[in-house]
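Participant: Here it is, the structure in full.
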Amino acid sequence: AFLIFISLVNVCTFCPRPRKCTETKLGFYAKTCPQAETIVKKVIVQTLSKAPTLAASLLRMHFHDCFVRSALEKACPGVVSCADILALVARDVVAT
């Protein structure tokens with residue numbers, strides 16, 4: 001899970017991202033980071049081939065991220081980036 005988190009952070013760091021969380025769809029980053037989907041898929045496939053049980057954890061993380069993002073958007077719309085939400089969630093999961 002840590003390797004996947006680091007990979008996501010790298011994608012977020014090296015590719016421009018919108019300030020506001022928006023619905024991501026196929027081809028969403030085609031202009032700003034054309035390799036984003038390929039990078040994510042490659043990392044996920046490599047990681048799950050070594051540790052298939054991580055799939056459930058990733059789905060759970062995505063599920064919880066949606067709830068956290070909704071709460072943040074109600075409090076301060078368009079302020080906290082998706083990458084920051086993932087970082088805060090990771091911090092709080094480790095601390096708990």
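Just so you know, glycine gets a Cβ as well, placed from its N, Cα and C.
TrEMBL annotations: computationally assigned, not manually curated.
According to TrEMBL:
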DOMAIN    23-96  domain 'Plant heme peroxidase family profile'
SITE      ARG60  site 'Transition state stabilizer'
ACT_SITE  HIS64  active site, proton acceptor
BINDING   ASP65, VAL68  Ca(2+) binding site
Participant: For ARG60 (site 'Transition state stabilizer') and VAL68 (Ca(2+) binding site), determine the Cα separation and express it in whole Å.
Facilitator: 12
Participant: When secondary structure is assigned with DSSP, how many helix, strand and coil residues does the domain 'Plant heme peroxidase family profile' (23-96) contain?
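Facilitator: Within the domain 'Plant heme peroxidase family profile' (23-96) the tally stands at 51 helix, 0 strand, 23 coil.
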Participant: ARG60, ASP65, VAL68: which of these recorded positions has the sparsest Cβ neighbourhood within 10 Å?
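Facilitator: Counting other Cβ atoms within 10 Å of each of the recorded positions ARG60, ASP65, VAL68, the minimum falls on ARG60.
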Participant: If you average pLDDT over the domain 'Plant heme peroxidase family profile' (23-96), what do you get?
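Facilitator: When the pLDDT values over the domain 'Plant heme peroxidase family profile' (23-96) are averaged, the result is 80.
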